[in-house]
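Trainee: There's a structure below that I have some questions on.
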Amino acid sequence: MTTASPRRAAILGGNRIPFARQFGPYANASNQDMFTAALEGLVARYGLAGERLGEVVGGAVIKHARDFNLTREAVLGSSLAPETTAYDVQQACGTGLENAILVSNKIKLGQIESGIAGGVDTASDAPIMVTEKLRRKLLKINRQKTTVDMAKSALAIRPGDIGIETPANTEPRTGLSMGEHMAITAKKWGITREAQDELAALSHQNLAKAYDNGFFDDLMTSYLGLAKDQNLRADSTVEKLAKLKPVFGKGEGATMTAGNSTPLTDGASAVLLGSEEWAAEHNLTVQAYLVDGEVAAVDYVHGDEGLLMAPAYAVPRLLARQGLSLQDFDYYEIHEAFASTVLSTMKAWEDEEFCTQRLGLEKPLGSIDRSKLNVNGSSLAAGHPFAATGGRIVASLAKMLHEKGPGSRGLISICAAGGQGVVAILEGA
Amino acid sequence: MAFNYGQFVSGGIGKQLATTLGLPRPTKLRRHKVGGSLIPGEVLVAGHGEAPVAERVRHLLSDAGVKVATSPSTSVAGVVLDLTAVETPADLETLRGVVGPALKTLAPTGRVIVIGRPPESATSVAQAAARRAVEGIVRSIGKEMRGGGTANTVLVAEGADAGVDATVRFLLSGRSAYVSAQVFHVAKPVGDVAAPADWDKPLAGKVAVVTGAARGIGAAIADTLARDGATIIAVDMPQAGGPLAEVANRLGGTALQLDVTAEDAGAKIVEHAQARHGGFDIVVHNAGITRDKLLANTEADRWDSVLQVNLLSILRMNEALIPAINDGGHIVNVSSIAGIAGNRGQTNYAASKAGVIGMTQSLAADKAVLKKGITVNAVAPGFIETEMTAKVPFATREVGRLMNSLSQGGQPVDVAETIGFFAWDANRAVTGNTVRVCGQMLMGA
């Protein structure tokens, strides 16, 4: 079934700051600093200073309590009109793409004419929490009215209560890290070390080539002295990657290394969307349309599905709704959380058993042309500041599709913590 | 903060010391203020013989609400002398008789403007000598003046008197604070001379492309052109994206990140300007780099990169920009004092900046350019206070600051103001000129 939209939501451009490795050049930059910088670059590129947009939707996966209104604060610190509304969304690594879908939906419905979707994350400027026991005891002290009662409550603190916790990349319900989860899935799908290293090397080579071609000249704004993604290793090869020791999984079968897994990263991205009328009024070129999006979740806790396999479910649902096959695309952007994520997902789509039994399809979705996959690099090379990845991909793909021409199509697939996956289709203009 | 001689001698013990020792004490220059008067005080206007230009200047002054003085007996803020009718060097007595006494009572930050005709078009040897003499006199007056005053020559071609107004206006105003001992050549206008509705917004409705706009002089150019009413397309390297965005957002313009040496840089600017702003009227080629080394030690890549960025890129971009720029537009190139006087360790830089002067002259006379009514001019900054010059070692920096008639470095805005003047539609009579913004630096011709 194809639902006719009242009107189309256009992607008009994007901007991000170069992504930095954890404790790198952005070590002292907050989420608000980075997202404001990403917004400012976008405002400058599209001449939006003083403009009231329909809304700005941002968010971060790792957030301080003080940043409850992170996106609104970033808007107020930007050159956009202060009358521009804003809100935060958090859907793990799917945040940025989910935000683009949200903004596009409002545009399609005619609720807004323009909007910015983005996200930011810092792995460096992380919040620190005290232990749960200490937190409860401190709150109790704070509740007391008299000094004596406060002192009494304070005496209840034991040495063992004292300690700090930083946010961990761990699934609360399984206690396993994302990498450990992925290692299970990679093993199940028989993803080899060589295939992963090959994908990782290609990601670096593609990203390096994109920089050389000036692809990012109108997609990026330098920040704190960084003008390129810090994680990029232009001279990366399969041979070099083969030397790294596995970090996830155990024993003989361990294949996942620091080279074929994304590093912890700081960064921010933002995408400008609008109605076609608004774009024309502002002399902006429509690069692509956000056609449709879909989100799926899998039961990785009690069921036996892999934590990062949800996009494998979301894509066929989206294809069915749009009446498209997996092969109907000019570009595929599959977020490289780990090289093995991309490879497992593609293998699942080729697998008869998976497609018929788990997806309920008549036959496998089939293969995708690897020469159309992540052609300007992806997260393994660029890095992956969780909520910022969606904006990076949407802006890059929109540009690629615009260059390819009207009617060209691109598919985005992003896996997220909590067993979720956000996917979307873009069409070139 | 680094020691600054100018500030040290402006008050307290520094002032005493400088006065006692007879050291130079720089005056705070009069700079353009939005809403301010053209010149604070009366202007003495005089001439030799018929003095047709003096008459124009009187009208101009009364239109601007400036009182015209007829004798130097009272203190005046400026002197404009029309020597277009001199026949022999003996006629120069008029200048001595008028400007001499006026200098005694000239107010601080005063202006001396002497208007003549080009010696090349003289009808007699004696007339050529007299006309050429004017330049020498004015350069000397510039060195004699105190209190932040400037002296400049304006040579008006025969039959081109109508085009002189913009130049006189610029030279009397605070916009020319750091311009002294220069010769402005006024020729027949390349298009219709159009006075702005508001002299505080002479660039209203114009779109200006400024390369190298992220920092320093480029950012000041963007600020100044925007203040005067232009919409700014701020261009710089992707590596300067952060500060470039700041400039564009501050001015409500757009940022365009590109490498000016890229093959398609000109085409990209045109595409951006047309798609986003419906075209462009002004181009300021400001982007530039230095890679200093003595010639003996200069390797090919240092040589090449400077010539590529500072000169070859402009030639290449202009191939795309000139056909696309709106008729009656203005191109302004940034040269350097090093391109005139040369500088030790800067053969590559001097080559590029002297080349800019040659390019400016030739392009201004180009048929296609003339047909579109475009002016092409250049500014050659002297010692300008920027982040770059702040890093120069103390002694060198102070010598640079003081080796000029105004005993101080210029500000980025001073360079920007001259560029702004070249971009006025009121100025279509000055083209192919290179004007130094150097406070009459002792270096160079």
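Indices start at 1 and increase along the chain as displayed.
For all residues, glycine too, the Cβ spot is worked out from N, Cα and C.
So TrEMBL says this about it:
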type	residues	note
DOMAIN	A:10-277	domain 'Thiolase N-terminal'
ACT_SITE	A:C93	active site, acyl-thioester intermediate
DOMAIN	A:288-427	domain 'Thiolase C-terminal'
ACT_SITE	A:H384	active site, proton acceptor
ACT_SITE	A:C415	active site, proton acceptor
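Could you place the listed features in the three-dimensional structure?
Mentor: In this structure, A:C93 (active site, acyl-thioester intermediate) is part of a beta strand by DSSP. For A:C93 (active site, acyl-thioester intermediate), the Cβ neighbour count at a 10 Å cut-off comes to 31, with all displayed protein chains included.
Secondary structure of the domain 'Thiolase C-terminal' (A:288-427) per DSSP, as helix, strand and coil residue counts: 58 helix, 32 strand, 50 coil.
Taking a C-beta cut-off of under 8 Å and a sequence gap of six or more, A:H384 (active site, proton acceptor) has these contacts in its own chain: A:F19, A:C93, A:T262, A:P263, A:T265, A:H335, A:E336, A:A337.
Using a 10 Å radius centred on the Cβ of A:C415 (active site, proton acceptor) and all shown protein chains, the other Cβ atoms total 32.
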Trainee: So what's the average pLDDT for the domain 'Thiolase C-terminal' (A:288-427)?
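Mentor: Across the domain 'Thiolase C-terminal' (A:288-427), the average pLDDT comes out at 97.
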